[in-house]
Ligand code: NAX
């Protein structure tokens, strides 16, 4: 057996947390030989609920779960951690404007970035899920100057999984026959699910789909609106699928993606002509705990317009929290 890995989950008393913790503790994230210690962070008012979750985790008698720490203090939550999944965020309340939401979350993620900077392991891997995820990741990274930017990422994997499932269903293929599908940009309706380079059952996806109008009129808008469709149907936002995507993202990062392309939002390095200073969803492969961008993909005029829209939106989000970035 290996030494245990410490995994922090923020917003652990929320609905994504509830769908995530039991899977981490059962080995779905790091495999059947890796013991884990869970560090659960939430607001003081949620500590009672966290205690209940800890009881349920105990009651599962998971062989891999060595300890559960519950706390409302980020310094306790992030001490010596190997992985952090930052889910907790302030939801948009009635009458709240987008800039107010950005500011409220900016404060949360600045505080958490400072705490990560102070007490997390220097090779910590941080995934931001709480919305607006890309900009929250930027804030946390900026508040943690002693950690490498490569420690930080934001989640666009749910969008990739949604796109992959939709393309597979459209072509009547099992979902695992779809590869090299990319989601670019922001986790917001400006995202660009892109199957121009994908293969489905060994065939180029654009050839298998045939009809380009399906891409532009059905596929892209349906993937972009999927979160809203789930809320309308369920009365609650995506939780189990979001938790599943967080596990997929982290598992690939830690254990490798075995050559598969996966989409992650990373600090832009200027590749594909995307401005630096924002977190942008790009295709990557993971190996040995490292993330490597897939380079050299062709960006045609349609793709360029989509990337530009996402970049413009992310730069606007950045401008709204600029005062917190210095
Ligand atoms: P819930 O409202 O069920 O849970 C959020 C939890 O976070 C609550 O327990 C709350 O007390 C806690 N919290 C709030 N502020 C905190 C702070 N400063 N420190 C620690 N905990 C704090 O929301 P849930 O459905 O779990 O969603 C969580 C976040 O994920 C939201 O921001 C949501 O928008 C975002 N999502 C992001 C997705 C993505 O693909 N990036 C998809 C799913 C989801 O919509």
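The backbone N, Cα and C atoms fix where each Cβ goes, glycine too.
Where the annotation comes from TrEMBL, it is an automatic prediction and has not been curated.
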Of 42, 73, 159, residue recorded by TrEMBL at the NAD(+) site of 11, 12, 13, 14, 15, 16, 17, 105, 112, 129, 130, 131: 42
Sort out for me which one of 98, 187 has the most neighbouring CB atoms within 10 A, since those are the recorded positions we care about. 187
Quick one: average pLDDT across the domain 'Lactate/malate dehydrogenase C-terminal' (157-322), no decimals. 97
Can you count the other CB atoms that lie within 10 A of the CB of residue 92 (substrate binding site)? 15
Near residue 131 (NAD(+) binding site), which residues of its own chain have a C-beta under 8 A away, given they sit six or more steps off in sequence? 89, 105, 187
If you count the other CB atoms within 10 A of the CB of residue 15 (NAD(+) binding site), including all protein chains displayed, you should get 16
